[in-house]
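Data first, discussion second: the structure below is written as structure tokens.
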Amino acid sequence: MTDYRLWSNTNTTNTCDDTMMMDSFLSSDPSSFWPASTPNRPTPVNGVGETMPFFNQESLQQRLQALIDGARESWAYAIFWQSSVVDFASQTVLGWGDGYYKGEEDKNKRRGSSSSAANFVAEQEHRKKVLRELNSLISGVQASAGNGTDDAVDEEVTDTEWFFLISMTQSFVNGNGLPGLAMYSSSPIWVTGTEKLAASQCERARQAQGFGLQTIVCIPSANGVVELGSTELIFQSSDLMNKVKYLFNFNIDMGSVTGSGSGSGSCAVHPEPDPSALWLTDPSSSVVEPKDSLIHSSSRDVQLVYGNENSENQQQHCQGFFTKELNFSGYGFDGSSNRNKTGISCKPESREILNFGDSSKRFSGQSQLGPGPGLMEENKNKNKNKKRSLGSRGNNEEGMLSFVSGVILPTSTMGKSGDSDHSDLEASVVKEAVVEPEKKPRKRGRKPANGREEPLNHVEAERQRREKLNQRFYALRAVVPNVSKMDKASLLGDAIAYINELKSKVQNSDLDKEELRSQIECLRKELTNKGSSNYSASPPLNQDVKIVDMDIDVKVIGWDAMIRIQCSKKNHPAARLMAALKDLDLDVHHASVSVVNDLMIQQATVKMGSRLYAQEQLRIALTSKIAESR
């Protein structure tokens, strides 16, 4: 296993152009992301701490490496998304905390899928160019053909390596993206298969599928979310989740964490004191042996000593979380940067450790950074004026490229010989005004209704509004019978057309209803007149000849109708029915007549010709026609 490191023989001071480029590459003022500092704790000059911090860069790097190397599955990378709060009113933001890249086991999978060889070569040149410029930006060596930088980045950059690099530029609001959803729901998210990744609503999952990944896992922990990715199909494993919960409990001493290549790992727990009482430490060595995947870590505590006018020794320990935005597009470089003697590679190899974080105006051989910036108090008697220190170490033997978002581990300026083989320590103190947290004004107004939760901020309110709007669209789509397209505009257009169609049907039904009422009134008048005339013209005995007990039942199905008439057999009711059907322009498909004693039952199946009758209309028309024939 090879560490992702930058070797340097001389200390290099960047010029103004490098400083401007660095400010554009990294966030220049992360102080707004830091939480309030903890109280000072004075330390003796020659004292040495006994324990490591429960959450620092070395510990986090070891945990990620132990998680991958000790797993039975073949994971390509591991990323720890660190949770932080931008301000007092916003939600939690997940940003890059640290990452460990191992690579694929199968070397045949390293080559990304490209449409043509020319596109593949152009893509590789672009990736190598970005890595060379990133290397020259950090090391102070301008990328050119004469300094050996091109030879240093000669191996192809795989898709998984590139996906791992661009992940440093991403951040997730609580509830958005796979890491944000895992943090919001406090439950792991396991996506396996290219189809599920491509169909996911998360842009990061679709991007991972495009870069050849087949499995992505996001497991929440106390301080953030652990993400693992693989180019193989790996199904859900409770053993992995238990390891994450155990390894990323930051009260565990990582000096006793060991992992084996066979997939078994064991961790020993040592009690740690209160984090507020821990000293700032400077881990001096971290050796990783790839043969048995054993992780050994040793650290020595270096205390910060600052002299003021009263010769008082003070130390400030605080932790903060902040996010970085890295831009991997092309950068322009001029010849103002100091050059190193050798070309340095910034490309992560297989099973490499890659860290990105804050940097200062000056760079020595090795920048030792931990998980957050350290703030030092200058004097207790000076109205709480504070100083910020960024410690950097120079080592002639090795330099480690470290971009870490987290607490900076500052080093002291205690006396050491310039000819010593160990790195010299420098401490720069910058005065900084105290930023008092603004008191959030209390909201005035009515309380929300019972059972309705008040949104935390405008982002949550907008999210709830969009969810409610989407639910209404789903309900509308369910009631509209014919939907041309699935977009919202087409759905609204189809709904409007359907509503207009229903309105026209209602209007036609009202017109038919009025027409039927008028016909019924006319029939009543005619029947009344005929009844009175027949009563006066014929004797009472002939009144019994009329079809008084005639029962007509009509059922209409489309253009077909079924007619059933039950009446007396006197005065030829079958002939009167056929005459009525002829007058109404109804074609007879089937007809039957049966007689039981004095009762005649007629059944007929007809088809409407020129006019479509409703059920009640046809019954009234048949009644009137048979009565007229009578």
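Just so you know, glycine gets a Cβ as well, placed from its N, Cα and C.
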Segment assigned the feature region 'Helix-loop-helix motif' in Swiss-Prot (from 467-502, 575-610): 467-502
Given ranges 33-46, 271-284, 313-326, 453-466, the stretch to which Swiss-Prot attaches the annotation region 'Basic motif': 453-466
The domain 'bHLH' (453-502) - residue tally per DSSP class, helix then strand then coil: 37 helix, 0 strand, 13 coil
Segment confidence, the domain 'bHLH' (453-502), expressed as mean pLDDT: 88
